[in-house]
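Down below is the structure, laid out as structure tokens.
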Amino acid sequence: MMAATFKCQPTGLHGSGIDAAAPRSSGNFGRFYSMRFACNTRCNTLRHVHTPLSISHDSSTESSLILIRHGESLWNEKNLFTGCCDVPLTQRGVEEAIEAGKRISFIPVDMIFTSALIRAQMTAMLAMTQHLQKKIPIIIHNENEEATTWTRVYSEKTTKQSIPVITAWELNERMYGELQGLNKQETAERYGKEKVHEWRRSFDIPPPKGESLEMCSKRAVSYFKDFIEPQLKSGKHVMVAAHGNSLRSIMMYLDRLTSQEVTTLELSTGVPLLYIYKEGKYMSRGSPVGPTEAGVYAYTQSLAVYRQQLDEMSP
């Protein structure tokens, strides 16, 4: 059982390892966590509820960061600009999400962050159906006091078998403005291929009434630094299911890419990417090739500890 100290801040993410104010999209996150963990208020210590598949963390432990672009959506299939329009996955997208889950099935996951859009949330949920931990991802609804109260889980056993899923609009795809819903080919014919390419691939030029990649990057990277990175620093293993441009933005930060380099970065739908966080640095491991342990994630401390715990549970 691990203990993590925290400061009593009324809007902080108590229990998540973050000593910071919650974002607007996670205003009641602290109250949610206070329901799920035993808190020793006398010594200001938060004790995680023990679970057989939990990972023991300390400052020297590596943390896993999994990035997944959502599977193919219905508008991807139709070659439409999607942006922040909320459309679900195609059957192919569902299959891509399940395959992504097989690839990461041996990589420990303690927390999941997704955008506020259904295609990213579906991808995360479907991927976790393949995971070795067999834990159930539960989306945290904290829009108001009533939502927090109504979604409270009263079973300690159920809590042990769940993984919190935090949704944040900051991880949404970039907003394509007046291009949203338009066919990409028809748009190129109307405005010219060069202009549309400029809107899609430049770093700081937005489409009409939309966001540039630079604008998307500011919100996505800021959220990552404030609320995801502290989880990794505390030793937790994190999955982020999001979108092409929000993930490109995060990878620009992780890999220290230039504005020119990030515009050429292509991310396939439903293909997970793995990073290891250790001693303040991110190391890219590329895409896991699972679903075997050796194919997924070899020669790293995190998996070695995880594998040992699983072996100890075996009869």
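Cβ coordinates are placed from backbone N, Cα and C, and glycine is handled just like the others.
Remember, TrEMBL labels are computer predictions, not curated facts.
What TrEMBL says about this protein:
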ACT_SITE  HIS70  active site, tele-phosphohistidine intermediate
ACT_SITE  GLU173  active site, proton donor/acceptor
BINDING   69-76, 82-83, ARG119, 173-176, LYS184, 200-201, 244-245  substrate binding site
SITE      HIS243  site 'Transition state stabilizer'
Show which residues of the chain containing LYS184 (substrate binding site), separated from it by at least 6 in sequence, have their CB under 8 Å from its CB. ASN79, LEU80, PHE81, VAL196
Which listed residue (ARG69, HIS70) has most other Cβ within 10 Å, given these are recorded positions: HIS70
In all the protein chains shown, the tally of other Cβ atoms within 10 Å of the Cβ of TRP75 (substrate binding site) is 19
Long-range same-chain neighbours of GLU72 (substrate binding site), Cβ under 8 Å, sequence gap at least 6? LEU89, THR90, ARG92, GLY93, GLU96, THR269, GLY270
Recorded positions HIS70, GLU173, HIS243 vs GLY83 (substrate binding site), shortest C-alpha separation belongs to GLU173
Could you state the CA-to-CA distance between TRP75 (substrate binding site) and the residue listed as 'active site, proton donor/acceptor' to the nearest Å? 13
Roughly how many angstrom lie between the C-alpha atoms of HIS243 (site 'Transition state stabilizer') and ARG174 (substrate binding site)? 8
Excluding near sequence neighbours, so keeping only residues 6 or more apart in the same chain, what lies with its CB under 8 A of ARG174 (substrate binding site)? GLY83, CYS84, GLY210, GLU211, SER212, LEU213, MET215, CYS216, HIS243, ASN245, SER246
Its Cβ having more other Cβ atoms within 10 Å than any other among the binding-site residues GLY83, GLY244, the winner is GLY83
Sorted by position, what residues of the same chain at least six away from GLU173 (active site, proton donor/acceptor) have a C-beta under 8 A from it? THR82, GLY83, CYS84, SER115, LEU117, CYS216, ALA242, HIS243, GLY244, ASN245, SER246
